[in-house]
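Peer 1: This is the feature table in TrEMBL:
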type: TRANSMEM; residues: 21-43; note: transmembrane segment
type: DOMAIN; residues: 21-512; note: domain 'Major facilitator superfamily (MFS) profile'
type: TRANSMEM; residues: 63-84; note: transmembrane segment
type: TRANSMEM; residues: 96-115; note: transmembrane segment
type: TRANSMEM; residues: 121-139; note: transmembrane segment
type: TRANSMEM; residues: 160-186; note: transmembrane segment
type: TRANSMEM; residues: 206-228; note: transmembrane segment
type: TRANSMEM; residues: 302-320; note: transmembrane segment
type: TRANSMEM; residues: 351-371; note: transmembrane segment
type: TRANSMEM; residues: 383-403; note: transmembrane segment
type: TRANSMEM; residues: 409-432; note: transmembrane segment
type: TRANSMEM; residues: 444-466; note: transmembrane segment
type: TRANSMEM; residues: 486-507; note: transmembrane segment
type: REGION; residues: 544-572; note: region 'Disordered'
type: COMPBIAS; residues: 547-572; note: compositional bias 'Low complexity'
Amino acid sequence: MPLKVLSALDQTRTQYYHFKATVIAGMGLFTDAYDLFCISPVMKLIGRIYYDPKDGNPGVTPPAVISTTVAIALLGTVIGQLVFGALGDRVGRRRVYGYSLILMIFSSVGCGFSICRTRTCVLTSLCFFRFLLGIGIGGDYPLSATIMSEFANKRTRGSFIAGVFSMQGFGILASSAVTMAVAALFNKLAKHDGGDSISPLNTPEAADLCWRIILMIGAVPATLTFYWRMTMPETARYTALVEHDVAKATSDMGRVLCDFDLDTILEDTEALHQSVLPPPPPPPPIYNYGFFSREFLRRHGAHLFACSAAWFILDIPYYSSTLFQSQIYKPWFPPANHVNAYEEAYNVAKFQAIIAVCSTIPGYFVTMAFIDRIGRRKIQMIGFFFMAIFLFALAAPYDHYWYNHTNAWYIVLYALTFFFSNFGPNTITFILPAELFPARFRSTCHGISGAWGKVGAIIGAIGFLFASQAKNRENVQRGYEPGIGMMNALLILGSVCIAGLVLTYFYTPETMMRSLEENEGSGNRVGEISQLSNKIHKFRGSSSDVSHVMSDTSRMSSSGSFFINSPRSSSA
């Protein structure tokens with residue numbers, strides 16, 4: 001019976017609820033991107049408000065403070081992915097889904113609702129609430145990906161999970177739009193009051209309200225989706241395969257999916273298989289092994305390594321590239337000592353919006369269009385390859401040309417690295433862990449993979465922020481120490497992408513157009529069971545066929561992996 005429910009889910013047509021679930025599940029990713037990209041202009045404002053001007057330049061937030069603020073949010077994300085990922089498998093996806101959203105809403109408001117106005121107190125409060133926000137965002141990663149993968153049919157599953165992840169692009173755009181609107185409004189009001197209170201070296205007290213509003217608005221989209229998250233049913237795969245309640249799984253799916261007539265779907269599918277297609281694969285065998293067992297390591301260890309390592313490798317160049325933006329947009333906007341606080345924040349957000357519209361969001365959309373046509377593995381390899389190419393193109397002539405001749409081509413190359421990260425490993429690393437593992441481990445494994453990714457993000461965001469500084473002290477940005485130089489940093493990041501390409505080629509499996517039950521059994525006896533099922537279906541009475549089928553049945557039964565008709569499999 002469980003297989004009938006799952007087969008019906010795999011065969012059901014794409015409908016309204018799939019799109020609704022994409023938006024609901026994507027709000028956590030939306031908030032993640034909003035918070036990540038609004039912090040850059042916010043730190044510009046905080047620097048001017050709480051730090052004194054020096055040498056004719058406005059106040060600047062020290063690099064150590066920026067690094068701490070970024071790192072503590074990423075550390076919270078690591079913890080959230082591990083904790084909520086494990087809870088998603090133990091307690092249920094839906095039961096903990098609302099808690100991660102509540103934590104995001106509360107901490108987003110808390111980030112701007114600092115209860116004091118002294119520098120130390122404000123920064124301490126901001127770091128504390130960003131840590132909580134990171135936990136909530138981290139918890140949303142494994143739950144959103146797992147829920148969408150278990151709701152979708154196998155024909156369009158990749159596109160819908162990519163759709164959930166693409167909400168990051170809209171989060172970036174919303175972050176930029178809100179920052180620009182709020183900064184422009186405050187700037188207009190300040191100048192309307194006479195303009196004497198605002199200048200490059202004089203920041204009005206109202207700016208302390210500006211950055212708080214920007215951060216708190218990030219809670220609005222998550223709040224709007226809270227009701228729909230709480231009314232979502234548990235996924236059929238969790239209910240049927242983990243809780244062993246097949247009747248409830250069928251009822252829940254019939255409530256949210258139109259035309260979910262189990263008997264009709266199965267009759268149509270069976271008639272189609274008899275006419276032109278081989279039968280659907282039988283269920284994977286049921287094993288009583290735990291997560292911390294040698295059996296899990298033997299069956300799924302390679303896949304967990306592939307997902308975790310690829311995500312770790314990707315986030316090193318991806319997060320470091322977002323922090324390089326300040327050096328890239330510098331030639332295109334007036335220097336800090338020529339603009340006031342609001343104008344500087346506005347320019348930073350404007351550049352982020354341009355990159356999002358021209359490269360980031362198109363990368364998500366291209367992935368959605370082609371992921372179920374050319375496959376996950378190929379897209380990840382394409383992405384890593386072209387990321388390396390464009391990073392090398394930025395690196396090789398940097399000291400001799402780009403440093404003194406930053407032009408439109410430099411921006412194009414930089415934008416293309418973001419395009420191919422999203423039409424590539426940034427999206428695929430989010431999808432694969434939600435497709436490869438058994439239902440009772442799926443959320444946990446996704447959380448572990450994502451946690452390793454955020455460890456890579458900490459290395460990229462903090463390590464390369466300092467390492468990319470110029471070798472000569474006179475060219476080092478204020479507050480930094482000399483580093484290895486931008487050229488060497490970019491060469492290292494390109495080499496990291498090459499390592500990701502090699503890893504993908506040797507370790508990453510393909511999951512396109514396969515049910516989740518097929519994917520979780522890839523690499524073990526499920527493939528043999530599927531082949532045997534096809535032999536039985538094609539059997540026409542030949543004595544040679546009989547001997548082959550009986551031989552395979554005997555071999556697989558003796559190995560303890562043939563449970564298609566056993567009572568244990570029927571209760572799964």
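From the backbone N, Cα and C atoms, a Cβ is placed for every residue, glycine too.
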Peer 1: Mind pulling out the one from 21-43, 63-84, 96-115, 121-139, 409-432 with the most Cβ pairs under 8 angstroms to the transmembrane segment (206-228)?
Peer 2: 96-115
Peer 1: I'd like to know if the transmembrane segment (302-320) touches the transmembrane segment (444-466) in this structure, counting it as a touch only when three or more C-beta pairs sit under 8 Å and are separated by 6 or more positions.
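Peer 2: Contact criterion met.
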Peer 1: Flag the pair the transmembrane segment (486-507) / the transmembrane segment (302-320) as in contact if three or more Cβ pairs fall under 8 Å (sequence separation 6 or more).
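Peer 2: The answer is yes, given that the two segments have at least 3 Cβ pairs within the 8 Å cut-off.
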Peer 1: Would you call the transmembrane segment (160-186) and the transmembrane segment (351-371) in contact, using three or more Cβ pairs under 8 Å, pairs 6 or more apart in sequence?
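Peer 2: Answer yes: the transmembrane segment (160-186) meets the transmembrane segment (351-371) with 3 or more Cβ pairs below 8 Å.
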Peer 1: Give me the mean pLDDT over the domain 'Major facilitator superfamily (MFS) profile' (21-512), rounded to a whole number.
Peer 2: 87
Peer 1: Six or more residues out from either end of the transmembrane segment (302-320), which same-chain residues have a Cβ under 8 Å from its Cβ atoms?
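Peer 2: Distant contacts of the transmembrane segment (302-320): 380, 384, 387, 391, 417, 421, 425-426, 428-429, 432-433, 436-437, 445-446, 448-450, 452-457, 459-461, 463-465, 468, 489, 493-494, 496-497, 499-500, 503-504, 507-509, 523.
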Peer 1: So which of 21-43, 63-84, 351-371 is most in touch with the transmembrane segment (121-139), counting Cβ pairs under 8 Å?
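Peer 2: When the Cβ pairs under 8 Å are tallied, 63-84 comes out ahead.
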Peer 1: Restricting to the same chain and to residues at least six past its boundaries, which positions have a Cβ under 8 Å from a Cβ of the transmembrane segment (351-371)?
Peer 2: 37, 40, 158-159, 162-163, 165-166, 168-170, 172-173, 175-177, 180, 325, 328-329, 332-333, 379, 414-416, 418-424, 426-428, 431, 512
Peer 1: Using a Cβ cut-off under 8 Å, which residues of the same chain at least 6 positions beyond either end of the transmembrane segment (409-432) come close to it?
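Peer 2: That would be 141, 145, 149, 158, 161-162, 165-166, 169, 306-307, 310-311, 313-314, 317-318, 321, 324, 328, 332, 355, 358-360, 362-364, 366-367, 371, 376, 379-380, 382-384, 386-387, 390-391, 393-394, 402, 449-450, 453, 500, 504, 508, 511.
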